[in-house]
Every structure is written in structure tokens, then in C-alpha cells.
């Protein structure tokens, strides 16, 4: 922008030299008064003066923002700056004010994005994300409807700050290359004065160029230029002044008439950015004598200087991120005549120097902010870690400068990548920490809050907490609720409630109740019924911030949009490998529904017309042909692996379909599974070694989280060791293998087997798989790493594992408190409360600095036993049943004492029962604790009493009772189809029991319990016995209370019980089921009609005789003949001739088709 052509006696080069020297020296400071004051660039604002006490820098920034009417949305662009030390204060910096304190700080916009105004057509525009634009991505054209980066107050403040910087020579005026270039820079500065004065005149409604004498252009140009002009002769000064006035008038006539005050502010600030006046405006440049750029375990000491001289520069900008270069030499500018002479004499030398310096002036990109995972500060050394495991390490002049540098990068990260995360605990903003702990968002707008509720299901009572966009003292709670209308029925609405924050106390607007924390307030509100207008509701689930969530808190720059490509999982994507190109090797083991083989992949390369066969060692994961029904899920896992590329994730070559086999072909990793290695080398493992493994795994999972991909099967046996690293400084190198069969297709039993690696929510619903599940698995895997690959809960049965989750237990954590806390946070039963993987990586690095001893940790000998019930917490409700020797009660197990505990069925012996009965109950307990099937009643635990002499059996309570009670009451809504479904479920439970070599001996409708209208479970295992492995039957030593009318002939005659004997009993139970347990058609009533009146042992004798004669229970009313024929197959006299439970299942399923 060249407005004037002033050459006469204008020593432009002197001015430029002064500008450079001025920037190197301290800005002339006014000695601050005692105390602390925060000054503003707005002339009508008095400094903020602080009384005695402690303040955080963030707290002072909020107070300053309120003074200057800066909105909460723009507040995070500002920070506190100390001109005397040239350092910025991190948000968590504690400022102590006492009698001896004397400090002046400047409230400044620190975080700057060039072309935020969009007037530079050569550069991409910058704006805030808005709900309208979030689906469209980044567009090259300007988007007028997008949300501007700055509000009016922020723009006004930035304009005042820009003027201050130019006048005080704080703006980075570019270095001139020639004498003429120096004149051009002077002209640009004078042009800025034209804009500033025009703005002032328009604000004051003055006419240009008639201005008061005290309004001189000298007040609006750099002080060094003003000083330079004053040293020039009078004629030159007058000429400058006259030409300036003429131009001001011309500018007013041609430009001002079409401009507003806003336009002039934008024009002024946009000109400050231009390369004709400044260089790197809005950037911060840090000088260092040590700069290391390295990849993981491969150090590249590319930049270091033992002498301590400053050689390198690191620049941080909002638009381009972190860049570095070797500091270029300052080339003095010579006058044109001298330069021409020197060019002739030393042309070649200059040419080489210029080329070398040009290379030095070019900046090298290191990282844009979303790529950064965490930052570590050690004294004055800063280590920046990227997602691709590259690292930048630089040494700054002091720890204070290191904190200033890190707080800059951290702030830009929140503006461009994740508004609710911090990269380094040393600079963590207290408000961000508070928000994370309370599940509260920053000042997102209402549209984003409602969008979030809709995305998460919009259930009634679901809510979002967010700070107000306009008021620093208010938090808004946006809630999903339903308005009840007689005409429209339930109509979904979103209501906002205001939470007031005053002096650290929180209260709902309109309420007199105040609470010391937001968490306390929300816990209180969740217990209340909230009302507004004609709507009432109860708060349920809080929708917490998620990693990398798009909102109006984030700034959309071209770099941020380009950083992460969008992956679509809507279509399967992987490389197809021909079966002729793989050679199968030895069998290595089994996975879940898969077989693992070593193998060779033949890769054909055609180089320069010569075909070359390359053999690659691979692993072949073959889906069992009997499970071809889950081929699609198998391919989905392969597709997920093909979409990722990370050094700590196993590489998938592709998929091969070979006849009926589906095969995943993946990278062979030499060291094999980590758990086996840790078992073998447990004595050689060190704390640093374990931390490296944990960090590498967290890095891989953070990468997946950024892409919103879920692994679903994280554990040490799925971590493969590419390098042992025990005897070297480089350390281990691990790779995360593929997840195998997705959790979504696992049976419930397979899910239970994966406890405690599988997340609790996935056990309840295997399709409820999210990134949060990997965080739980990481916590368990961290436990394994700590304890050298030991298996948690390895001695627990399936039923005990299930109870472990039902009781919300976790494995016993290590003695290191911080490590235990990290595991606990990962293994939170609320998926929304688990930390982001970026936060996990940050915390692991912080923890590693403390160097805790996790080598000597031995596996805990005592784990929490969720199957142990304390007698004092069992509250009796009522009796459920009673026999000769025992009884069953309904109790509530209520350790919290608030009547919210679960209801359980408690089986115990009567006081008069003898020792044999106690032994029988203990056998029943031992059987139940080893059984796990969806159609067998769940064992929950035991309760010891009388010093261990007494025992109670705790089982799940099924309120609908047994089939004998349920069927007569619900006869109208249970048809034949449902009866057959019940029959199939009973057969499945009995088939499972037989597969474990148990005979039930008491199968009857009274012992089949109803969980729901669609599911039944087999119960009462009091007579159940185990068959010895070398026999096919169990011999009863006594026959007390034997259910003779359900017994097979061999049981009545020889007291021998086979699995086939249970098949006979099932036939009788099926008869009960089909007669709806009508007492007139009960087995006892029907058999007594056949054998006549009798009692005692004669009943058994006559019953046996009747059965030998071939008489059986008649066909139930309305029972199809096909069903009765299946029933009759259960009643073959010889056990070996009877049908099996598996055949019965197939028969019933065929009838249902």
C-alpha cells in the first residue's frame, strides 16, 4: 500500500535499523505501582487493580473480558502478557498479591488467525463452525452465513491492540531488502496513520481533513519513524505534512464515504497482516539452541549447538501450526551505489550466500495442532508428541518461557481440534479441568446442544450442560422433555434451565438452594421432579463432551479441515488375495471361532520387465467353516483393519476366500503375544519398559479414537511384540493385532468369558460397542502389563464373572495411587465418564516422570469377591417357598441402606436340618457356581453365618414364579407357539447341564422359573448330582422326597439316574406345559387314575407295573399329534432308546417353521 512518495532527506534505512534495534530492546516501561494491575488497550478502560490474595491467570482474564465486554466465546483468544519479561502467563499460573508485589500485565489477544476477516482473496477464510456448515466441510469460497470468528467487542479490542503494537514497534515490521524497500515500508506506516485517523474522525463524527491541531499523524505511526522524521529538515517535514493532508482528503472523498467504522477497523487490521508491511503477524517465534526432531526410538539430532548460541527458530501460528528453521543471518542493507560495486567484485560469493540464506529463511512444517497427542515439560525442555509418534524437543531459556510456549500450543489445540482437552497438565486451564470433571461443555450455542441431544437418542431427561455464550456467571442446562397434549400426545421439546454461579456456589435459577460444586447441584437435581410450564420430568443422563467434537467453539481453518480425511464404514474395503498366492503353514492355535496358521504370501514384482517372486511371512486367520454365517462380521473386522495405518497396529495385507474358508492375511510379528513373553521374562522387565508398552498401546488406540473406529478386543494376548527391547535403550516395540470376530456377534456366554476385558455395557448388549469400550479394555490391559501378563479373575467361573460386573467391581489395583487412579478412570462403569485416549497418553507420560515402582508388584492374592453377601445387608421381604428341610425367601440385598439394592432369592436350611442336609446344600452351591446358561437360574453367591457353620444360597429372583404358578394365570396370552418356545429353552438348558455331566433329577414345571413372557429358566438344583466320568449314571443312596411321578422306570427300580432319565422327566414337564399346569391334568392325578388309590411304597410298585405295561400320560387337550409323538419319544422304557435333548430341540424348531 503506497500512499506517499517521500524520498527527500528521508533516511528510511535509518528508520528500519532503529525498528530492528527497538524490537530487540525493552519497550520503554512505566514503573508499575505496588500491587498488580491488568492494563487494557481501550483508552476508556481503567486498569484492573487487584487486592491481596491469590488469583489464577484464567480468573483475571475472565474479569478482564467482563470489563471489556468480551464474550465467553471469544474469551479463549486472550491471555495475559508481561512486557517486561516478554512472557505470556499460562491459564493456571498462580499470581500472589501481597505488600511486596509490583506487577503490570497486559490483557491481549494472543491466539490469532490470519484472514479471519476474509478480505484476502489469496488466502482461505477462517470462521467458527456453525450448525449449518458442519456437514458441508470446508469450502474454497467465502461463506457469508458462517459464524464470524470475532464479536464486535473483540474486534474493537483487537483494533486498539493493533494500533498499540504498531506505534510501540511491537508489530513485526518486515526487514527491507533495499533502500527503496525501506521507503516503501515508511509509506505503508504513513498509510496506516491515514486509516487510524479516518477511523477516529468517523467515531468522533469529525469532518476530514479539518482536524484539531492536536490530532497529528505522528501519533499513529511507529515511534521510531516519528523520531526519524523529527530529525529531518524543516522543509521535508512540512512537505510530508502537506502531502499527508492532501492524501487524507483524497482518501476521505473516495473511500470513507462508502465505508463504516467496522470496515475501517477491518481494513487497518487486514493491512497489518500484509507482507508489504509486516512478516509473521500474529505469530510467535521462539529461539532455541537445541532442537531435536525424532521418530519413535530413532533419534535424529538434526539441530543442536553445544556452544549455546541461538541457531534455530520455532514459529507457532493459528493457520499453519508449528514450524521451524535454522535462524537466517541478518544481511545488512546497503545503499544502491555501494551495492552495485560490491556485486561486481563479489558476485559469486554473494550468490552462494544468498542461496544459503534463502534456504534458511524457508520454514519446515512439523505439526498442525490436531496431530499433537500430548506435551511434556521437563524444566525448560519441551517435548511435543504427534499422532504418528514423531517428536519435537526444544530447549528454551527458562521454565517460564517453556510454560509460555506450551500454553500457546495448548490454546491453539483447543481452538482447532478439541475444545475440551488440554495437552499438558502443567498448563491445564482450571475451567477446562472443571468442565471435564463435571461433564460440562464450553459456551456452545443452543443449536449444537440440541443437535447433540438428538444424536444421542433424545430420551426424556437427557441433558447437556454448557456455559453461557453471553454471561460468564451462568451455566445452561438444555434438557429433552415431552409436553403432554391431549391432541398431539407426547411432543418432544428442548428446554433451557439457568444455573447461576456466584462466589463458587451453584444454584438453579429461582431456587434458594446453593451447592459448593456443580456435581453436588446435579446430584441434588437428579433426585427431584423438575417442572416448567406444563412439563415435568426427571433428569437422567448427562451428554458429556466427546473427543474432537465439532461446535462453534472450534475455528475452521483450511489446515484443520485437511488434516483428517473422512473414512466411511458403509462399504467393505480390503484387498483381495488369490488363493494361489498363499501357502498355509503350521497350525499355531485357535481364536474365537477361528484357526491361526503361519503362512507365506507370494508377492510378484515386475521391475524393469523382470518378474520377481517375493515371499512374505504372514499370519493366516481362518474363519471356522462352521461359522460361515458370521462371514460378513469377519469381513467388517478386516475392512476396519484395512482402513488404518499406524506403526503400532498390525498391517493387514488383505482377505482370501479359499473354497468355503475366509482368511485374513496379516503381518507376521516375530515376538508373538505379549502376555506369553511377559510370563517368560517377568524377572527382566523394568518400569520404563512397561511404560513404553503402555504408551505405544495408548498411541494406537488414540489414533483409532480420532477416526471414530473401535477395536473391541484389546488385551495383552492381542498385543504382538515386534522387538523385545529389554537389553537396549531403544525399548520394546508392540503392535495391536486385529480384533478377530466382532463383539456384536458373540454369544452372551462368549461375552462373559471376556470379563474383565470386555466393557460392562457390551455384556448387557453386545451391539452397544463404542470407543468407550476400548478405554475399559485398556484399563484391564494396563493391569495385565503391571502384573507381568497375569490373567485377572482367572479362577472365577462364568457366573462369578457375571456377578463381578453386576456388583460393579474392578480388579484390585496396584499400590501406586496415580496408576490405580488411571485404571479406575478407564474402568468406569459409566462409559461417558471414561477419559479420552489423548488424556490417557498425557497422564501416562506425567505418571512416568514420577517413576513409580511397578516391577515389584505381585498379583493381588485377595480380590474383591462379589459373590460374598453379608448377612447384615439381607433384608427379608417375604417367603417364596418351603420344603421339609429348607425354605426360600425373597430378600433385598441393600449394602447402601437406601432400599435401592437388588432383590434376590435366598435358600437356606431350617434350624432342625442335620449335617447331611448342609452338605447337600453345599453341593448344590458348588454345582450352581459352575453353571452358566441363559436358561438356567443364575447363581449370585453365598452368605456365611454362625462362624461359617451356616450357609445361605443366593440366587436371582424371578418375580413371575414357576411355570406351575404362571401358566394358569396367563393361559389366555400363551399359545402353542409360545409353549414350544418354552420347551426349546428348557431343552437347551438341560442339554447344557448334560454336557457338564450333571443330572437334574427334579425337572418339573414347579422347578422351571419364568423370567419374562419370552424366557424361562431351570431352577432348584437340590437333587442335582454329578455323574462320574467312568459311568453313565448316578446311583441314589436315599430317596427322600423323590418326585416319583416324574421319574423314569430305571430311577424307580434301580435308583440309577442317567441323562436320559432327565429326558423322561422333560416329557412329563412338557405334558404339564401343554395342559397349562391344570391340576385336573397333573401327572400325579392322571397316574393315580391309572393305578388306583394307593399310598407309600405300593405307589411306586404299581407305577412301575403300569409303565412296564406301556401305559403313558394321555395326549393333552388340543395338543397336535406331532408334538405328542415327540413327547412319547421321551418315554421309551429303555434309556438308550429315548430321544435326546438335541433331537428334541431340532424337532420343536422344525414345527415352529
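Every residue gets a Cβ built from N, Cα and C, even glycine.
Features as listed in Swiss-Prot:
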MOD_RES   1  N-acetylmethionine
MOD_RES   3  phosphotyrosine
DOMAIN    34-420  domain 'FERM'
DOMAIN    439-542  domain 'SH2'
DOMAIN    874-1152  domain 'Protein kinase 2'
BINDING   880, 881, 882, 883, 884, 885, 886, 887, 888, 907  ATP binding site
MOD_RES   1033  phosphotyrosine
MOD_RES   1034  phosphotyrosine
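For residue 880 (ATP binding site), the count of additional Cβ atoms within 10 Å of its Cβ stands at 18 [all protein chains shown].
The binding-site residues in question are 882, 886, 888, and the one with the fewest Cβ neighbours inside 10 Å is 882. Here the domain 'Protein kinase 2' (874-1152) has a mean pLDDT of 86 out of 100. With DSSP states grouped into helix (H, G, I), strand (E, B) and coil, the domain 'SH2' (439-542) comes out at 18 helix, 45 strand, 41 coil.
Under the three-state DSSP scheme, residue 888 (ATP binding site) falls in the strand class. DSSP gives residue 880 (ATP binding site) a strand state.
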